[in-house]
Structures are given as C-alpha cells and as structure tokens.
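Participant: Questions regarding the structure given below will be posed in turn.
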Amino acid sequence: MTTAPTPSPTSTGARIEIAGLTKSFGDFRAVDDLSFVVEPGRVTGFLGPNGAGKTTTLRMLLGLIRPSAGSATIDGRPYAELDNPMQVVGSALEATSFHPGRTGRDHLRVLAAASRVPDARVDELLELVGIAAAAGKRAGTYSMGMRQRLGLAAALLGDPRVLILDEPANGLDPEGIRWLRGFLRHLSTEGKTILVSSHLLNEVEQTVDDVVIIANGRLVQQGPISTLHGDRRQLVRTTDPDRLGAALGEDGLLVVRTGDDSLEVTSEDARRIGDTALRLGLPIYELRESRSDLEDLFFQLTSAPENRNRNLGATEPTTDVQPGEVQ
Ligand SMILES: Nc1ncnc2c1ncn2[C@@H]1O[C@H](COP(=O)(O)OP(=O)(O)OP(=O)(O)O)[C@@H](O)[C@H]1O
C-alpha cells in the first residue's frame, strides 16, 4: 500500500512554453514549428503516433538536444538556465537508463547524493511508487513496470514543480496504469505541472485534463480533453423513431436516424428527449449518452492526408544521444 506524497512549498507548478520549436536532422524535420503551452495543476497528454516527434520535443525541453529554431522554456527559462533544475523539473525519458547491477535503492541514492537530496527521501519515494519490497534487488532484474516506477521515483527526488514523463504507462499492467493515473492526478492537485507523452490516446484518456496532439512534428490539436468529444449526443431507442425524431426536430434539436428503432440526438439533456417521448405516448427502450470513440478520433486526426505518418521509411536516427550531451 502506498501513501500520498506530502505537499511541500516547492510543489507549485511552472508553465512550460514551446514556441516555434523546430529540429532538423539533416534535411529531415522531426519537429516543425511547434508551439503549445502546458499549464500548472493539470495533467497534459502529449500525444502522437510513433515517430511524431514527441521524444525529440521532450529532449529539447530538457536541454539534451539543441533546437534548430524556436524555444522551449520552463518557468520562462530554457532548461540550461534553471537555477536548481532538479527542484524545478523531474523527468523520466527512458525506463532503462540505470546501472543494471545496482539495486533500486542504490540507484536512487547515487542520484540523491549528486543532488544533495537526503537518503530518507529515497526510502520515502520507494514506498511511494510501490517498489519498497524490491528496493534491495538489482534493478537489472526489474520488470518493465518496476523500471517505470523506479524512473518515476528518480524523477521525483528533488520534489520538482514540473514532471515530464515519456510513455510512463509502457510496461505497466492494468493495475499499474490505474495506480499511475491516481498518482499523477494527486501530484497535479498539489499544483505540479505534469506532461505525459503517449502514442495511445486510450491509455491516457482517463488520466489527462488537456491534450496536445502532434503528427509529423506539427501540432494537430490542443485543448481540454473534454473538447475532443465534441457536442454531446443522446442515443434513444423507441417504437416510432420517425415520430419522436420529427417532434425533437420541431423542438430545434439535430436528429439523425441511426437504426430501425434508434435515433441520435445532439443534446446534453436526456430528460428533454424522455419528456417528448412521454408526451407522444412512445415507450423508451434505451436512452443514454453516446460518446465519440476518442481512439477513432485520434486516428482520424493523425492520419488526415496532411498529417499522415511519414515516419515509416523516414531517416533513421544517426546517433544515440546520452543525457548531458547536447547535439
Ligand atoms: N538523432 C536523430 N537522427 C535522425 N533522425 C532522428 C533522430 N532522432 C529522432 N529522429 C527521427 O525523428 C522522428 C521523430 O522521432 P521521435 O523519437 O521524436 O518520435 P516519437 O514521437 O517520440 O516516437 P515514438 O512514440 O515511436 O517514441 C523519427 O522519424 C525519428 O526517426
């Protein structure tokens, strides 16, 4: 059982601002004039298909590679100019960036010592991310999900105001995904800024407040996840859908016949539909909100002709950049 993190005065988030950000590798543009803002106190999903440019963007944000143009700032400054970077931003870009022979606890202790974080914080975090029982085991023996949790603990060592996680749900089982969801939500309610990348919208659908969707390095859509659902619609089944549809239409509602006995009505007010049916003396067999399938929508957005994934067959990475090396 894990306990909730203790709020601290440094927890208040900071704004992330990406402006005109561009990265070219040779003549291949991995990130192309990208602009968006990530607000504190919210969980933001950074979404796009494989090769869309998410990791490249995050690497620029964390000062690991240099932009070809534009800027990426946290609290108004590029990463390299932050005074206490570990207290401002914590990140987990890859789940495997640790010494496989070291125990989980030692991995965190080494990082903590380098940043003058007390050892007590290490044990607190091991507990918090739910791997305290495996803290003495070599990290090389950890499952993918345990590595993700260890990476998350490392990111949180300095109690940062901003948390940046690259595909944190990878390798987590459904219970782990549910845990991660609650964990991130809790951190955001403390006021932290949380940016989470994923290539699967349905994986983060219930976790995020806002989305930034990119394809081929360019912005496709941005805003609260609720706006992706579009207008709310009600699905209704009755014996005489034509009569009910006509009455609702006269009432100013948009009605679409969807089957022999069913209609879809653009409205958030199910009672209005029920009351109309009652007035007409029609039985209702089903009346429920019909939500658009976000995964379908994501696919449509990112596979529109102008956004179609050009990554397959695109330039392969030329170098493997290590943290600290700036390309
Ligand atoms: N060092 C590099 N040299 C050349 N091309 C690169 C380099 N790094 C990334 N790319 C290319 O840039 C594009 C974007 O890659 P990136 O890893 O940012 O995508 P992603 O959205 O994170 O994808 P995924 O979900 O698969 O991790 C890809 O076509 C990739 O091959």
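Note: Cβ is positioned from N, Cα and C throughout, glycine not excepted.
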Participant: If you look at how TrEMBL annotates this chain, which of 286-306, 307-327 comes out as region 'Disordered'?
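Facilitator: Matching range for region 'Disordered': 307-327.
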Participant: Any idea what the model's mean pLDDT is for the domain 'ABC transporter' (16-241)?
Facilitator: 91
